[in-house]
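Asker: A single structure is presented below for examination.
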Amino acid sequence: MVDHSSQNADKLLGVLVVTLIFSVMNGTMFNVALPEIGKEFNLVPSEVSWIMTSYMVVYAVGSIVMGKLADKYRLKDLLTYGLLIFALGSLLGLLATEYWVIILGRVIQAAGASVLPATAMIIPVRYFAPEKRGRALGTSAVGLALGNALGPVAAGLITSFGSWRLMFVLSLLPLLTLPFFRKYLDNAKGKAGSIDILGGGLLAVSVAFFLLAITQMQVLLFLSGFATLAFFILRIRKAKEPFIKPILFKNKNFSIGLLLAFMTTAMSFSMTFMTPQFLSAVNGLTPSNIGFVLVPAAIASAIMGRKGGRVADTRGNFALVFIASVFIFLAFSLLSTFIGISAFVIALILIFGNVGQTFMQISMSNTISQTLSKEETGVGMGLLSMINFISGAMAMSVVGKLLDKGSTSLKLNPFVANEAANMYSNIFGVMSLLILLVVMLYRFQFGTGVSTLNMTSKVNKNL
């Protein structure tokens, strides 16, 4: 007998992967085109950077809001509105003749695309049994990896042979997946009830303040973020139906899972941010050659994503965390030591790093999803997406400030040969120690078992 629900889940996952490829490409392509856009509109770097900053802020805020809405409304409807809004923003950017209209288009794009982070985590959780969830998360990770690999390549080709505006045309393609989402998604709704608009607004403003503070490095924005966060905490304690139930944070497994995700995401973004920097500054590579160095690692991640998910399903999340930690530790240690040598060797080392990061993302998402009840899935996984954005922004800001200082005589790794690479080497060396801390914390909190039932019982004890 054919299990049609299982078939639909697999087809739905395939549609999700295609959508994620184009969504991630939309996030990475414009980074390559910033110099061209700056020249056309006569902008300084701080002005043109708002193309990325505005998108990131709205995307991060939207991910938690959409996650909450997914607990109340049909995911089918949220995706419909989200993809239509995303297409509207793309069309506006395509037709823009003023810089502020491009920013508006990117903001609208982000508002629509913000439905996808929650969707990418909710579909594996809701449509796949716990023993198959790792494979599903691994498959969705394939879309993320391919998007990261194809984004810079597509941007390079578009800007070399045409106008950067054509990137907005590519961003219209996810709209083609909408009929398939509506076909394969069910009509299930969450619990009826009102949405705490004030609480959601306070959280959104707080996150926006923190992200802007991190990217702009302004103390006043940090203080504003803490102030609105304090009001948000007061609100969820007093509201009859709070935007996020305070009891969720009393779930020790969930809270520590978010902390570990914050740490691993920070390291992931740091490596992603630093790699093009040192390939240019230390290895002396051109942007096109840097792209070729990065592609093999991204392709390897796409190939290995499903395999990592199977490991989580059959041997448990800790097994995948351990494998991921070994790969990441090797990558950071080798980069700390051999930074500045042959680009071919760097490309091989990056394979360990990218595959390790993909495995870590799968295991963390799977672990955190298993700490949540069905009613908490949307907002819980939305919180994970939001934490990832804040972590990534903070990591890139801190690493950027360290790199701004230039070379340093401090050498934490005595084996690094190129003095110009000391700062990069030191950062990678520190991160190689941090990944060891992550695996130890994970082992202490979650153990090594395969069964998700053990995880659930731990959740209940901690509530």
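Yeah, the Cβs are placed from backbone N, Cα and C, and that goes for glycine too.
Remember, predicted model here, so these are calculated numbers, not experimental data.
Reproduced below are the annotations present in TrEMBL:
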- 12-447: domain 'Major facilitator superfamily (MFS) profile' (DOMAIN)
- 12-33: transmembrane segment (TRANSMEM)
- 48-66: transmembrane segment (TRANSMEM)
- 78-102: transmembrane segment (TRANSMEM)
- 108-129: transmembrane segment (TRANSMEM)
- 136-158: transmembrane segment (TRANSMEM)
- 164-181: transmembrane segment (TRANSMEM)
- 219-236: transmembrane segment (TRANSMEM)
- 285-305: transmembrane segment (TRANSMEM)
- 317-335: transmembrane segment (TRANSMEM)
- 341-360: transmembrane segment (TRANSMEM)
- 381-403: transmembrane segment (TRANSMEM)
- 423-442: transmembrane segment (TRANSMEM)
Asker: Tally Cβ pairs under 8 Å between the transmembrane segment (12-33) and each listed stretch (48-66, 136-158, 164-181, 341-360, 423-442), then give the stretch with the top tally.
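Answerer: Highest pair count goes to 136-158.
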Asker: Among 48-66, 108-129, 317-335, which stretch has the most Cβ pairs under 8 Å to the transmembrane segment (341-360)?
Answerer: 317-335
Asker: Over the domain 'Major facilitator superfamily (MFS) profile' (12-447), what does the predicted model average in pLDDT?
Answerer: 84
Asker: Hey, which of 108-129, 164-181, 219-236, 317-335, 381-403 has the most Cβ-Cβ pairs under 8 Å against the transmembrane segment (136-158)?
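Answerer: Most contacts with the transmembrane segment (136-158): 108-129.
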Asker: Which residues of the chain, 6 or more past the ends of the transmembrane segment (317-335), have a CB below 8 A from one of its CBs?
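Answerer: Contacts of the transmembrane segment (317-335) (Cβ under 8 Å, skipping residues fewer than 6 from its ends): 134, 267, 271, 308, 311, 346, 349-350, 352-353, 355-360, 362-364, 366-367, 370, 424-425, 428-429, 431-432, 435-436, 438-439, 442-443, 446-449.
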Asker: Going along the chain, which residues at least six beyond the ends of the transmembrane segment (219-236) come within the CB cut-off of under 8 Å?
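Answerer: Apart from its flanks, the transmembrane segment (219-236) reaches 196, 198-199, 202-203, 205-207, 209-210, 212-213, 242-246.
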Asker: Pairs of Cβ atoms less than 8 Å apart decide it: which stretch in 48-66, 164-181, 381-403 has the most with the transmembrane segment (78-102)?
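Answerer: Between the candidates 48-66, 164-181, 381-403, the best contact partner of the transmembrane segment (78-102) is 164-181.
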Asker: Near the transmembrane segment (164-181), which same-chain residues lie under 8 Å Cβ to Cβ, leaving out any that are not at least 6 residues past its ends?
Answerer: 11-12, 15, 18-19, 22-23, 25-26, 29-30, 33, 36-37, 76, 79-80, 83-84, 86-87, 90-91, 93-94, 96, 105, 109, 154-155, 158
